[in-house]
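> Annotations for this protein, taken from TrEMBL, read as follows:
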type     : residues : note
COMPBIAS : 566-594  : compositional bias 'Polar residues'
COMPBIAS : 621-630  : compositional bias 'Pro residues'
REGION   : 563-637  : region 'Disordered'
REPEAT   : 37-69    : repeat 'ANK'
REPEAT   : 70-102   : repeat 'ANK'
REPEAT   : 103-135  : repeat 'ANK'
REPEAT   : 169-201  : repeat 'ANK'
REPEAT   : 202-234  : repeat 'ANK'
REPEAT   : 235-267  : repeat 'ANK'
REPEAT   : 268-300  : repeat 'ANK'
REPEAT   : 334-366  : repeat 'ANK'
REPEAT   : 367-399  : repeat 'ANK'
REPEAT   : 400-432  : repeat 'ANK'
REPEAT   : 466-498  : repeat 'ANK'
REPEAT   : 499-531  : repeat 'ANK'
Amino acid sequence: MKQRMERCLLDATDTGDFSKVLNCLRIGTNPDVTDCNGYTPLMKASLKGFDSIVIALLQNKCQANISNNNGITALMCAAWAGRLSIVRLLLDHNCFVNQRTENGFTALLLAAKCGHYEVVRILCQNKADINAVTQSGMNALFFAASSGHCGMIEYFLGHHFDVNAKRNDGKTSLMTAACNNKCRAVELLCKNSADVNAGSKFGMTALMCASGKGHCKVVSLLIQYSCDVNQKDANGKSAVMYVAINGNLDIFKLLLRNNADINAFDNHGKTVLMFAAEVGNMKIVKYLLKNSCAVDTQDQEGWSALLYAAKSKQNDVIQVLGKEKKRLNLTSHSGQSVLMIAALEGYVTTAQILIDLGCNINACDVDGVTAVMFASFAGKSEVVEVLCNHGADVNLVSKHGWTALMFAALFGHQKTVDLLLSHKADAHAKNDIEFTSLIWAAAFGHLTIVQAIHKNGGNIQSKDINGCSVLMWAAENGHLDTVQYLLQNKCDIDSQDKYGCTAVMRAARKGHLAVVQILCQSGADINKCSTNGSTAFSLALKGGHDRTKEFLLQTIIERGTRGTVPLNTSSGEDSNRNVNTAQEHSLEDISSTPKAGPIPPAPMAQHSQASEETRAGRTLPTPPPFPQPPSSENFDYNNFIDYMKTCADHYMRTHPRPPRPIRISVDGEPNDEVDCQPPLNISLNFTNLTAQNVNIQKATYVLTGDNGRIVEREESSTQASVVGVVGEYDDDEGEDNFTICTDGRNINLPDIETDGDHMLPGTSSVSHETESCKKAPKVKRDITASLKSNSFNKQANMEVNMCGQASKKDLEITNALEKVSIEEKDGSQELSTIKFDRKRRKHEMYSLPRKLTKR
């Protein structure tokens, strides 16, 4: 019931129903009830001018100084609406006259803003702060000048207002009046010593405001009070430039008659004529030409008025300015001509006008790009057609070897490609990285363009600078339709690039299963290896592409039953891993005769798939894909040029020196310090070892006893140690030799890794299942190992002092001090000490000398 009566009171106040208001008040309804916006009945009545309701509410002890959600009070409502009688009533009830809203408005400022002069006077008589300002810095004089209320302006000036006071953005009351075309207010302020040349925060003056708005009388009045017609704002623009944009010829003539500089330019070198030409103000353009302004002046980027007109499609201006042929071929500092700009924007009529005027159709910019290339890049086929019909050379090449056909093929502009081909565009042309238009189209999957270029003589066997063929690019990016078309047209399916990669390898590396399937069905050789020993299967395994891996495993079975050497026996970096993975998938019928290689296929202890995929995750990162082109819809000239340059050096930045596989065969040897139990033969195959930063990422191994049988073990319970490894890596071709010593127990080396300048590490192993192993024991042992290397064959003593802490999941070793001494034949010794502090977290931690070299 209470809420119902409060709602009734608010509604009655809204409609001015005095009797309902009295009834609600008689039964004790709260007079200060608020609606959803915080308005009370008193605020509503004050705003709408219901004097009797205001009196009734005040007599019922309502609170007159309550504010709504925005800080507005009843007095502000009355002042805003100009309710003079209600303002007096509220002031008689001691309303706060200087209370502010959230934006800093007082009742006085609201009355001044709305032009209620009498309300302003009564508020000032009741001690309202006449100098109050809003949060934006506007005082009462600003509002009076904005509305052009001269009586109020005189009143405020009589109270010693600062006529040149500025609000937060630096504008004065004179600028406000000039912008709003309040001539009398402007004149009154000027008579009271307003600064006609005062500038805002950005340097704009009253004259600029009036000129830009087209207020001719205000401009004339300001000139009478000696304003500076050539004053410039922060961007270097003067009043005459604002008029050139606005297009008011009368103001333009008025400024020129008062000595405005016709050849003035802004901070970027842009002249009055350029502003007028850009917006197409023909009257001002003609007036400037009639008054002998500088027509061929260029701004800081070399743009002329004609270039600006072409950019904004001002054909009338172009026809006037382009009458001189010399002016037509004037270019910007980047070499852009008016025709190039029109072509890039796709302005067909503009291009036709420029050609008719005699513009050089085959001119090129500083990067060698022509108008037809710009149009092809943007896919403006109609402009391309106009240019070609007027003799544009479609086979000109840019500085980086690009042709118009390449641009159109890259962005998939089918109609443009067809036009260029019909005008004998060269389908065999190559750019700096030896990309043809066919490669571009295939790389981005534009099948219809691939077909069109091929039918017009494009070579589907073409390769880029790194030997990547059209098929490889299509396969790597997963464009199945394009791959199928290329295969149907007898593209070389097993072609290899300079790194030995084939199309099926590239597709497998990216996990494009459908492409891998069609390539295998078409007879792709999945046994081929890259220069670092990778195969299609190993690349799919590294990338974690399970479905692709499964398909390749099935292909191994099918080809093995036909007598073909299966993939797992190829001499690649992951040949042993391929065996393990095949056995995980119960593919035990792989029985074809293996090829010669460092690791013969043999039954191995099974490793979990998760373990293999984890190791695959530690491979070298795949080089980034070819850079995507910028959008042709929102293109920018500078981005366009940068993209061409990026393509030119892409391979140099993204293709590091390929790693050379290192094959190492080592034998454990007995000695006094370590109780080895020979013979134990260990075959290790290390991959991804580079010369720049010696880095072994993976090692697979086979361990055999003296009779050649596999040493059986279970990974979960085996504890074994490799207590020393010594060797040397060099950049020469051939194999490098290492020697490893063991403690004679079964060796637990599921993965050997190191980084930096380290070679192959020795290890003190801790079982994964050892619950009680909380700390690793301190190990200090002297190790003697035989060095087998091309550079020396000596005895070396290594003292390794390792300390660390091991938990169930990992072992951390820090502060390893290593001493290596080499004994020469004459008995002398040289000592090399390496001290480092390195934290590494793995299931097994290793520490080893960096590199032994002949002293």
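Cβ from N, Cα, C; glycine included.
Remember, TrEMBL labels are computer predictions, not curated facts.
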> Within the same chain, where does the repeat 'ANK' (268-300) have neighbours whose Cβ lies under 8 angstroms from its own Cβ atoms, ignoring anything closer than 6 residues to its ends? I mean 6 or more beyond.
235-236, 240-241, 243-245, 247, 249, 252-253, 256, 262, 306, 308-309, 311-312, 314, 316-317, 320-321, 327, 330, 332
> Summarise the model confidence on the repeat 'ANK' (466-498) as a single mean pLDDT, whole number.
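Per the prediction, mean pLDDT sits at 93 for the repeat 'ANK' (466-498).
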> Which residues of the same chain, at least 6 past either end of the repeat 'ANK' (202-234), have a Cβ under 8 Å from a Cβ in it?
169-172, 174-175, 177-179, 181-183, 186-187, 190, 196, 240, 242-243, 245-246, 248, 250-251, 254-255, 258-261, 264, 266
> In the repeat 'ANK' (70-102), how many residues does DSSP call helix, how many strand, and how many coil?
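Taking the repeat 'ANK' (70-102) as a whole: 17 helix, 0 strand, 16 coil.
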> Mind checking which residues of the chain, 6+ beyond the ends of the repeat 'ANK' (466-498), have their Cβ under 8 Å from one of its Cβ atoms?
436, 438-439, 442-447, 450-451, 454, 460, 504, 506-507, 509-510, 512, 514-515, 518-519, 522-525, 528, 530, 625-626, 651, 655
> Which sequence positions outside the repeat 'ANK' (37-69), separated from its termini by at least 6 residues, show Cβ-Cβ distances below 8 Å to it?
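Distant contacts of the repeat 'ANK' (37-69): 9-10, 13-14, 16, 18, 21-22, 25, 31, 75, 77-78, 80-81, 83, 85-86, 89-90, 93-96, 99, 101.
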> Reported in the order helix, strand, coil, what are the DSSP residue counts of the repeat 'ANK' (466-498)?
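Secondary-structure composition of the repeat 'ANK' (466-498): 16 helix, 1 strand, 16 coil.
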> So if I exclude everything within five residues of the ends of the repeat 'ANK' (235-267), which remaining residues of that chain have a CB under 8 angstroms from its CBs? That is, six or more out.
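Here the qualifying positions are 202-203, 205, 207-208, 211-214, 216, 219-220, 223, 229, 273, 275-276, 279, 281, 283-284, 287-288, 291, 293-294, 297, 299.
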> Take the repeat 'ANK' (169-201) and count its residues per DSSP category (helix H/G/I, strand E/B, coil), listing them in that order.
16 helix, 1 strand, 16 coil
